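The structure appears right after this line, and notes come after that.
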């Protein structure tokens with residue numbers, strides 16, 4: 001399997017994505033931003049089709065669209081949670097519309113659109129892997145730099161304000177990091193199924209671990225298991241890799257819920 | 001350690017309070033009382049520097065370090081962090097991601113002070129209301145403040161738990177000399193634990209040693 005260059009590239013890219021998703025996912029879940037993540041991936045779809053239309057790589061189009069819109073959402077919605085929901089759905093609808101428009105305007109075949117939406121393992125080149133590595137490292141480095149404050153602001157926003165943490169500025173920084181992560185992760189699982197990696201492993205992890213670092217390790221582990229096994233099964237069966245990753249992550253989440261159910265029965 | 005001089009706060013044309021002056025000394029346990037909407041939280045926000053006074057000044061001792069326990073926190077029953085991890089969230093700033101040995105020891109000390117040691121490794125989501133309030137208190141204390149501000153921390157607790165929480169706070173006040181500002185509606189607690197009071201009303205305020213409060217209150221049950 002590893003004698004094929006595209007499989008080596010896929011495994012390298014998948015590993016990077018799993019690590020970034022596991023780390024970022026823990027904050028996504030703590031900040032209750034699963035819906036926002038999903039929206040960013042739809043915006044990513046519009047960005048990728050714009051990239052095709054403009055003759056760029058889909059990843060660059062995605063980066064442009066997700067970063068700009070994440071700042072927009074951050075500024076428009078502020079701290080008001082109920083307003084955030086409406087702002088997100090408005091922006092989400094607008095960008096899916098734009099995505100469809102750019103697809104129609106560009107003269108690429110429809111299989112290209114499928115690749116963007118559902119992911120493509122075969123399509124990842126060496127150059128893509130390099131770009132993804134640099135982006136992933138940048139994301140992890142920024143998380144490391146703001147780690148203590150981001151942890152406080154994500155897991156206890158009220159307390160963080162009282163403790164003097166710049167919660168609002170951190171919120172925008174986090175959205176930009178999330179935009180970058182979505183664009184990177186979309187390369188393997190596709191933009192429609194991004195939350196498989198960015199939310200499910202972290203959502204499972206909160207039932208198995210009870211510290212931020214513990215949850216990160218568990219989430220990265222769950223994401224790696226899904227990506228590695230998914231790629232292998234995809235290689236064996238020729239079925240879509242995204243399907244296998246989705247099944248594995250959903251199964252882990254199901255197990256996590258069951259474990260939590262029995263644990264809370266024991267303690268009660 | 002904190003001196004409020006002729007303070008006034010206006011929101012547009014509405015005056016929340018004016019000509020307010022009081023002092024908090026090292027080791028005080030000050031109760032701030034008054035009906036809802038009279039400006040207790042506004043006063044605290046001004047002390048914390050989150051609001052700018054319309055007039056007057058707040059002078060503080062340069063060594064003043066405030067620990068503030070906010071009134072509301074939205075943590076559900078699936079909140080994953082353990083009590084010890086929750087407490088350590090207040091070690092913020094541009095430092096290494098992991099806690100130093102000194103910081104870990106400080107967490108243990110505070111947890112012991114608040115009698116949370118047996119449940120320190122339990123997820124906070126599964127803790128009781130009183131245990132949660134103690135954890136909030138511990139989080140504020142872990143950064144070693146010399147002034148602790150409690151914003152209606154007992155409001156959601158049953159009578160026994162309230163007493164227990166205030167007993168711990170009084171102990172910190174007496175044994176460690178920690179200065180306390182306690183915002184509350186609960187006259188039973190206010191009469192029992194603090195040594196000074198500040199009573200905010202829509203038409204002015206009064207202050208003094210706690211023993212005088214009961215006399216003032218006779219005839220005016222509306223606090």
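Placed from the backbone N, Cα and C atoms, the Cβ positions cover glycine too.
What TrEMBL records for A:12-30, A:50-74, A:86-105, A:129-150, A:162-182, A:188-209, A:216-235, A:241-259 is transmembrane segment.
Here the listed stretches are A:12-30, A:50-74, A:86-105, and the one with the most C-beta pairs under 8 angstroms to the transmembrane segment (A:188-209) is A:12-30. Most Cβ pairs within less than 8 Å of the transmembrane segment (A:50-74), among stretches A:86-105, A:129-150, A:162-182, A:216-235, A:241-259, belong to A:162-182. Put simply, of A:86-105, A:129-150, A:216-235, A:241-259, the stretch with the most CB pairs closer than 8 A to the transmembrane segment (A:162-182) is A:129-150. Between the transmembrane segment (A:241-259) and the stretches A:86-105, A:129-150, A:216-235, Cβ pairs under 8 Å are most numerous for A:216-235.
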